[in-house]
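J.: After the C-alpha cells below, expect a handful of questions from me.
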Amino acid sequence: MVRNLEDFCNEANAKHIRIEDRERYTGHFNALKDMVYSYWKKSKGLDKLVKGTTLCGGYGDNLKVSKPDEYDLLIHLVFPENDKIIVKADASNPGNVLLDMTKVMEIIAKQEHNKPVFDLLQKIVNNKKQLLEDKLQSFLHGIMTQTLNKMGNRIEVQGEISHLSYKKCGPAHNILVKGPCEYSVDFVPAIKLSAAQLVLAPEQRKHFGGTLYWDAVPKPMKPAKPDNPSFRTSFYEAERSLLHGKQNLKSAIRMIKHIRNEKNKANLKSYHIKTVFLWQVMEKDASYWEKPKKEILIEMLGKLADLLALTPRKGRLPYFWDPKLDMFADLTDDQRTDMFNCFRKCEYVFRKADGNLNDDNENSVHSSFKGSGRNGQKMEKTSTESEQKKPTETKPNAKVESTPVKPNPKPSVQEKQAKPNLADQKKCTKNANGTKSKTTTPKPS
C-alpha cells in the first residue's frame, strides 16, 4: 500500500519504468549492428573512414523506459589526417559548424594508399573544400541501400528470420526490424573530432571538461538545402559525464519521459528533456540531486512547463552547447500550448498529492504513469496524436554477446486542445542534438 508520494515515485520506477526482454532484444540488435558495420567496413572509400560505434540515446545514457524497441548508434567517421580538418562555427546556424577539408586534401592527394578517400572527397566538398552534408549523406545512402540488398533485406538470428526495411530520416539511416524482435535502429554517421578542434564559447568549453572527443553530425537543414556545408555539433560523451553521479537525476528524467509517453506528447523529444536537466545541473548544487525523487520531479515538471509557456516573449529552451539556438523554435503555438497544459497539470497533480495522498489524489498520480487509474478508469486522452504513441527508451546490458548470425537465405518471392497537424504526423524528426530521432511519426525518443 502506497503511503506517500515518494513511495509512489519509487513504485513507479519499479513497476512502470522497466525493460522487458532486454537480453533477447540486445542480442538481436548486436547481431544486426555487427553485420551492417561489417558491410560498411568493406565498402570502397568508406572502409578507411569507419572507426567504431557508440550506443547513444536512451540506451547509452541509461535513460530508456519501457520496451527495448529503439536504438541509436553513432557510426564514427575519421578521415586520414583528421586533425587537419579546420573547424569553424557556422555564424548563420547556431549549434552548427563548417568543416574545411583543404589541408586534409592537400596531404592525401600525394598518398596512393588514400586515393579512394581523396576521390570520394572530391565528390562531397564544394569549391571552398568544405564538406557537404547532403553529398556525404547521399553517398552513405547508397552504401546502406547496397548493404540491405546484400543482406536480402533480412537477417537470420538463432534460426529465425527477421525482415528489414530501410529509410533515410533526418541525419539517421533507419532500419526497421520485423520478426520475433520488432524494433528500429538509427545508424547516425558522425565525423569524430578532437577537443583541440572545439569552437565552443568559453563557458561551454568549461562544461566540455576533460572529454577527448566530440562529433559533427550531417543533419539536414529544414527545409533541406542543397550543397549544405553546415553540420550539427554533438557532445554525447561530455553530456554523459555531466549527468553521471547525480543520484536521483536519472530517475526524474525517466519518470518525465514515461509521463510524456503516457500522455502522448511526441513533440517533446527526449533530448529536450535531457537539455532541461543539463541546464539544471549547472544551476543546482550537487547535493540537490540527493533530494527525494518527488521533489525533483515536481520542480522539473514546473521548469519544463515554464519553458513551454506562451508568454509575451515566449519561453525558450537554449541548446546547452550554443544558447543562441532555441530548441523549441520549430514547435507551433498549438503544440506548445498542448504540452504546457499537460505538464502544468501534472505538476499541480503531484504537488496536491504531496500534501495529501488520499484515494482521489493517488488515482490522479497513478493516471500520470499508466493509461488508467487504480479503479480502472480510462485515462482521458490529452493529445490529438494519441494514436501515434511511440514506445520509450533504456540501456541494453553491455555484457550480452552478439548472437551468432547465419548467412541469409535468398528472399522468398493554456486550456485549448491542439489541433491535429497532419504534416507533423507524417514527417520524420530527429533528436535535437542531431543524433536521432528517431524516426517514426512523430517520435518522442
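Think of each number as a place in line: the chain as shown, counted from 1.
Here the Cβ of each residue, glycine as well, is placed from N, Cα and C on the backbone.
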J.: Among K84, K88, K222, K257, which residue does Swiss-Prot name as a further ATP binder in the site formed by E70, Y71, D72, Y236, E237, A238, E239, S270, Y271, H272, I273, K274?
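T.: Answer per Swiss-Prot: K257.
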J.: E70 (Mg(2+) binding site): which of the binding-site residues T233, E237, S270, H272 is the nearest Cα neighbour?
T.: S270
J.: Could you work out which of the binding-site residues (D72, D186, E237, E239) has its C-beta surrounded by the smallest number of other C-beta atoms within 10 A?
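T.: Least crowded of the binding-site residues D72, D186, E237, E239, by Cβ count within 10 Å, is E237.
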J.: I'd like to know which of the binding-site residues T233, S270 has the most other Cβ atoms within 10 Å of its Cβ.
T.: S270
J.: Taking just the CA atoms, what is the gap between K274 (ATP binding site) and D72 (Mg(2+) binding site) in Å?
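T.: Rounded to a whole number, the Cα-Cα distance is 15 Å.
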J.: Round to a whole number and give the Cα-to-Cα distance in Å for the pair E239 (ATP binding site) and D72 (Mg(2+) binding site).
T.: 16
